[in-house]
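Feature annotations, reproduced from TrEMBL:
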type	residues	note
ACT_SITE	C76	active site, proton donor/acceptor
ACT_SITE	C186	active site, proton donor/acceptor
BINDING	D13, S14, Y45, G46, N77, T78, T187, H188	substrate binding site
Amino acid sequence: MEEVNQGPIGVFDSGYGGISVLANLIEAMPKESFIYISDSINAPYGELESQEVLNHALSHMRVLEKESAKAVVIACNTATSAAAAALRAKYSFPIIGMEPAVKPAIKKSGSGKILVAATGLTLKERKFAALVKKMDLQHNIVTLPCHGLVEIIEEYGPESKEVTKKLDELLAPLQPLNFDGVVLGCTHYVLIKNQWKAALPEGTKIYDGNEGTVKQTMRMIMENTTIIKDHSMGKVSLMDSSQNDERLEKSKQLLQNQLRINGIVSSDQLEIELRKNNELCKS
């Protein structure tokens, strides 16, 4: 009989952004338990050097390993670029990363013009740069480093007027916005998908890597153990490196709101625990 690993699925990001991924994971595997780590004291990762991001990721992995995580999702495009390969070499359980949905966007848009919005570090990483260069031989890809956008989302919240103002500033040099598709290459940007839609011409397709990451997570868990299906709803534990009560409560509210927007799983059925862990302060 196939062994069922009852350990939680770990998820981490530099801040609130990964909550959009966490919500999709919960919807796909509602009986599983999850631990979400938000590293707000070191955010944003997109402004750090790759080695710094790797060091923070290793700190999160130590915490999740002690929690007997059966898989870990790096819910951050920047951390995936900087740390995924090293983490997979170090740990035996599945580690799943994010990848900007450039390929799906190109496949659906044909020969259209694609905008890829991401952090500066993600756009500079060799793997991503090679992907864009390869695709751009046949397609028109424009990259947009969104400096400062993550910080504004973190400080003011996804639905704030400050976010709308920053988006308008970032997109202004690209006017007129004649794109067939826009790829959101950062999980924070997925939290403000409605603002992107409002800022772009009607009919512009928006793509993100969440769906692909969820499918890959399920596939890798099934290869190593099995997905829990016959229990009651799983539990979600939220942690933040700041140990700040307000941030933890805000994370809970954002998760509940994301689940409400998606309308697949009722947040009322979900047990959400706010936890503090001093090990996170050592990163």
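Glycine is treated like the rest: Cβ placed from N, Cα and C.
Unlike curated records, TrEMBL annotations are generated automatically.
Same-chain neighbours of the substrate site beyond D13, S14, Y45, G46, N77, T78, T187, H188, judged by a C-beta within 8 angstroms of the site's C-beta center, are, in sequence order, G15, G17, G18, A43, P44, C76, A79, T119, T122, V150, C186. Reported as a whole number, the C-alpha separation between C76 (active site, proton donor/acceptor) and G46 (substrate binding site) equals 10 Å. D13 (substrate binding site) falls within a strand when secondary structure is assigned with DSSP. Other Cβ atoms within 10 Å of the Cβ of Y45 (substrate binding site), summed over all protein chains shown, number 28. In this record, substrate is bound by D13, S14, Y45, G46, N77, T78, T187, H188; the longest C-alpha to C-alpha distance in that set is 12 Å.
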